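Quick notes on the structure that follows.
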Amino acid sequence: MIEITLLGTGSPIPDPDRAGPSTLVRAGGQVFLVDCGRGVLQRAAAVGVGAAGLSAVLLTHLHSDHIAELGDVLITSWVTNFAADPAPLQVIGPPGTAETVDAMLKAFGRDIGYRIAHHADLNAPPPIEVHEYTDGTVWDRDGVAIRVAPTDHRPVAPTIGFRVEFDGASAVLAGDTVPCPSLDELAAGAGALVHTVIRKDIITNFPQQRVKDICDYHSSVQEAAATAARAGVGTLVMTHYVPAIIAGQEDQWRALAATEFGGRIELGNDLHRVEVHAR
């Protein structure tokens, strides 16, 4: 079984009720943090997960709303890990991830120096290993396998989606993307597809062109549902709602998805949990 927890279902716009985009995936005793939106560590703490307990951080792309708390994750995983010889935190993402991680560590350089000077058992900077991929297998440990494929979030490029497999169960995390054949292939037959969604019917009515531009490189509810249908997935898990779902309108969003997808449809607030079993 794979357990999916929507840690943050929000967007770049700060929301008092929704953390930034982030999803927790647990499989075979391993814990993966997919994207690091604002507030992610507080949300993770609410389900008993700390930064030092992460098996890996998986980044779909390097937009600010998806990496806003990456620096905090890097530092907190270091200062809260009390192992004598802690294993490096694994960070997996598209090309550009290593540069981003290096820049964040540089930004925290003074803090890192202060802590090394103060604590005898912190004698080196945070141990981190960065792996950059656009396609193929990125993880294969103790029964858990993860592979990636390109998605289409242009002009943001490259971007990737992740497929996590364990004991016959599978979950795909699409990140931000418009429909594309590579995502269809990655998601084919998966137990669940976690997909960001926007309401283009609402967004196109905003007067600001910058807001309307969001429609260029995100999937609408119906487009995400159509991707799920083409791929033959069991469950569509919608997240990263733009605009934020107003309480009482959940059925409206489900109904839009149901016009394209006949399977199980999940959406909810932060900390919404979905179990994915072998198909």
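Using N, Cα and C of the backbone, Cβ positions are placed for all residues, glycine too.
Here is what Swiss-Prot says about this protein:
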- D65: active site, proton acceptor (ACT_SITE)
- H61, H63, H153, D176: Zn(2+) 1 binding site (BINDING)
- D65, H66, D176, H240: Zn(2+) 2 binding site (BINDING)
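Counting every protein chain shown, 29 other Cβ atoms lie within 10 Å of the Cβ of H240 (Zn(2+) 2 binding site). Within the same chain, residues at least six positions away from H63 (Zn(2+) 1 binding site) with a Cβ under 8 Å of its Cβ are P12, H153, V156, D176. The Cβ of H66 (Zn(2+) 2 binding site) lies under 8 Å from the Cβ of G20, P21, S22, D35, C36, G37, L59, T60, G175, D176, each of which sits 6+ residues away along the same chain. A sphere of 10 angstroms centred on the C-beta of H61 (Zn(2+) 1 binding site) encloses 22 other C-beta atoms. Each residue contributes its Cα atom, and for H240 (Zn(2+) 2 binding site) and D65 (active site, proton acceptor) these two points are 10 Å apart. According to DSSP, H66 (Zn(2+) 2 binding site) sits within a helical segment. Neighbour density for D176 (Zn(2+) 1 binding site): within 10 A of its CB lie 25 other CB atoms from the protein chains shown.
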